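Undergrad: For reference, the structure I am asking about is given below.
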Amino acid sequence: MKLLLIDDEAPVREILGLSLRSEGYEVMTAASGKEGIEIFRRENPPIVLTDIKMPGMDGIEVLKKIKQINPETEVIIITGHGDMDLAIQSLQFEASDFITKPIKDEALAVALKRAKEKLEMKQRLKEYTTNLENKVKEAIEELRIKEMQLFQSKKLAALGTLLAGVAHELNNPLSNISTSCQILLEEIENTDLDFRKHFLKQIEEQTDKARNIIRSLLEFSRQKEFEKETLNLKDIIQETMSFIRGQVPARVEIRVEVPESINIYADKQRIQQAFLNIITNAIQSIPNEGIISIKAEVDEDKGFVNIKFKDTGVGIKPEILPRIFDPFFTTKEVGKGSGLGLFVTHEIIERHGGRITVKSKVGEGTSFLVQLPLRKRAYEQ
Ligand SMILES: Nc1ncnc2c1ncn2[C@@H]1O[C@H](COP(=O)(O)OP(=O)(O)OP(=O)(O)O)[C@@H](O)[C@H]1O
Ligand SMILES: [Mg+2]
């Protein structure tokens, strides 16, 4: 093991050097603190023995310097008889030990043994820590893989549900169209214009329905990239409202309380689609008179724009609440709702780095909270 001995007195270097070499140490010697530091930098010995009182750089300075260069080094201080203060000071700077001059072999042996033990312990601790770190890294990697697998299988399951739903949903309008065509073909010669019109209308409606399902699904597929831009929230909501103005019955009042100052960073068409789905549901949830309120505020702390859609409709039963974002989940009568509205909305909000949550009470109403990241944050998405 390498050992550096720093002492300005040549006889000490010689005698101590000899006895240390006989103990099996590879001893390097320096006659001053400055020289000692030079050698230390070059050789990086794990143990340093330094005299405390030396002209120029003293032992305390040497100790501080060495600890700075390599804090793991064990530094043993050699002190004279009256140097108790200095010795104590050296311990404060993390000297491993001190021995007094004249140096007794046993005292030196004990100090060296302790230093070596400390070094060994540190080494073992280091190995242990690296080992632990590696184990943690492995565990994290394993978790990541598991998570990915889980995600994949979840996605597959969702896809399965989705495909089953698509097949089922498309089957209805298609068989309807097919039946209408058959009837028309069979009866076309013996029937009047109204009869034929009725069936053609039916075919048109069912085709529309099928087309809407396909459109919603295309929305879901990742083909079309999102094009985000800065949009004024109030403008966007007002524009969305103009799409449905004709469908809002007079008994339903819609209140928009959105400050003009709020901007969002979003894909215009998609975000309007998301808002539209929520508002349409709200309108459909109000059987008689009712109010829909749309409020927005900025939460600087959390970095979100919060948009709340609240209705005084029938509310959602707690047992179906967890399912309303599922594809094809609907409580509306056959032919009315496809159950894709909230599924698509959820997807759109998520892909803006936002989230959508819902609270509802049967008989009181429902409120949806859409949280979109503030533009600063949205940029990082
Ligand atoms: N504001 C609301 N009030 C009460 N129930 C709601 C509300 N919003 C959603 N729901 C419930 O969640 C279900 C799913 O909504 P979603 O918009 O996904 O489908 P849908 O409205 O049934 O059909 P679609 O929107 O495809 O025409 C609805 O059928 C309804 O039961
Ligand atoms: Mg809907």
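Positions of Cβ are set from backbone N, Cα and C atoms, glycine also.
Given the structure is predicted, the values throughout are model-derived calculations rather than measurements.
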Undergrad: TrEMBL lists coiled coil for one of the ranges 118-149, 182-213; which is that range?
TA: 118-149
Undergrad: Kindly assign Asp51 (4-aspartylphosphate) to one of the three DSSP-derived states: helix, strand or coil.
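TA: DSSP assigns Asp51 (4-aspartylphosphate) to strand.
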Undergrad: Determine how many residues of the domain 'Response regulatory' (2-116) DSSP places in helix, in strand and in coil.
TA: 56 helix, 25 strand, 34 coil
Undergrad: Using all protein chains in view, find how many other C-beta atoms are within 10 Å of the C-beta of Asp51 (4-aspartylphosphate).
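TA: Total other Cβ atoms inside 10 Å, all chains included: 24.
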Undergrad: At a C-beta cut-off of under 8 Å, are there same-chain residues at least 6 beyond the coiled coil (118-149) that contact it? List them, or none.
TA: 46-47, 72, 74, 96
